[in-house]
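So that you can see what the record holds, here are the features copied from TrEMBL:
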type	residues	note
DOMAIN	2-148	domain 'GAIN-B'
DOMAIN	154-394	domain 'G-protein coupled receptors family 2 profile 2'
TRANSMEM	156-179	transmembrane segment
TRANSMEM	188-207	transmembrane segment
TRANSMEM	227-252	transmembrane segment
TRANSMEM	259-278	transmembrane segment
TRANSMEM	298-321	transmembrane segment
TRANSMEM	341-364	transmembrane segment
TRANSMEM	370-395	transmembrane segment
Amino acid sequence: MHASRIEKHTPNIQFPEENPGDFKTAVFLPKSSLENASSFSAVVYKNLSGIFSSNTVDNTSDAKSVISSEVISVNLDNWQSNPNFNISLTLAYVQTNSGQPKCTFWNMSRSAWDTNGCTLAIQGSYSSKCVCNHLTNFAILMSPWTESVDTTALDVISIVGCSISMLGLIITVVVHFYLWRYVRSDRVVILMNLSIALIASYAVFIGGVDRKENKALCTAIAVLLQYIYLVVFFLMLAEGIEIGITVLYVFVTKSRLKWTLPAAWALPAVIVGVSMGATKLEGFGNTKFCWLSMEGGLIWAFVAPSMLIILVNFVVLILVIRTMFRSKTLSEKSRSERSKAGVRCLCVLLPLMGCTWVIGLLYVNESMTWVQYVFAVCNSLQGLVIFVFHCVLNVQIRNALLRRKHRKQSKSFISTNSASFVSTRITEEPVALPKINLSTAKRTPRGSLHSADDAKGDVLQASGLTEINNVDTLF
């Protein structure tokens, strides 16, 4: 218990003062809240769970909520006449639950705990800080998590899936760089950036998402995870833009990398910077994991741009599939072949466009816990799917390997035969070169000429159909 008089020169009130001793619960009143006040008192109750009920005004029969902190009663005369009044309370837990704390006060008129006028400022491992704009009895209520999902199973799925995906993506990057001169294109450049970003995201997630014991480290990991995941989504948007333009606008050959790639790496940094400045790092990491807190709405700094990107890519996906099924090559195939081509096309495009992330939005209540398992499997194995369909089953990779093999054999053959020649005869006869019809040819960004027919996309090739069509040079 504490009581004191307030003088005009009193700068603020802090209880307990500099040496709190065993007290973990604290009160802070700034000078702006002391106007017209002359006396202050506070009483801390160690445990009133057996006296006060845990009913709330939202749901008076909420048996899941429990009083998880010490209860503090604060009195200050004339506080109602102060429009700038606010009070900060640090409430120590008397029992810890792996649930979401709520800052509440005792509503005398309704005989229940109420949250009106109180907000959670900081959530800690042993206490939480609340800010309120009125006075009464304050406490932390907590709704213990009733996990209907086996978190151990989800952890195993995530770690194993992410590890497999990391290995697949590393192989994908190595193979593409090994065959770079044969497979280089704007889409492959974006794919390599996406693969590297995914590798980084998997590594940070596995190594840091549970490092909650060190607050500074946990905050840094949460910031890094927000940035790298946003980079992944913006690179998937770049993939969607590249695929959409290549399929829908065949004759557009100007490279878009000069603005899509810098934007994919820079815009997430802007979003993260604004988030850090607006929240002053509050909400980056909590007692359960090193990620963005849902309290205060910080999570929307990730969810909002991600959902917008998924929506754009979903529209692009529909347009690409519609274009594919309207193509002459596919229309001549049987229904079974068209179905197989459609499934293969989805397998190729979905992991690149991030559409599987929308599965997480389906988890709305405890009866749909299966969604968490599906979400964990689909997204932890995103890198594996990219490896399978963009490396193992990629026609361009197989052709590049053959070209490299033939080129190596040709060099070996020329070298062997050159050494065996004693003299060389140079012919002066002109060599006939193939004619190129410049009226039907077009120039690519690197200056090589291709006919208009050869410039058309390759979703059909990715779907197992190799005839050149307007969607058959993409994959």
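Here the Cβ of each residue, glycine as well, is placed from N, Cα and C on the backbone.
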Practice prompt. Could you tell me whether the transmembrane segment (259-278) and the transmembrane segment (298-321) have 3+ CB pairs under 8 A, leaving out pairs under 6 positions apart?
Written response: yes
Taking every residue in the domain 'GAIN-B' (2-148), the average pLDDT works out to 75
In the same chain, residues at least 6 away from the ends of the transmembrane segment (188-207) whose Cβ sits under 8 Å of its Cβ atoms read 158-159, 162-163, 165-166, 169-170, 172-173, 176-177, 221, 224-225, 228-229, 231-232, 235-236, 238-239, 242, 257, 260-261, 264, 352, 382-383, 386, 390
Same-chain residues at least 6 beyond the ends of the transmembrane segment (259-278) with CB under 8 Å of its CB atoms are 189-190, 193, 223, 226-228, 230-231, 234-235, 237-238, 241-242, 284, 298, 301, 305
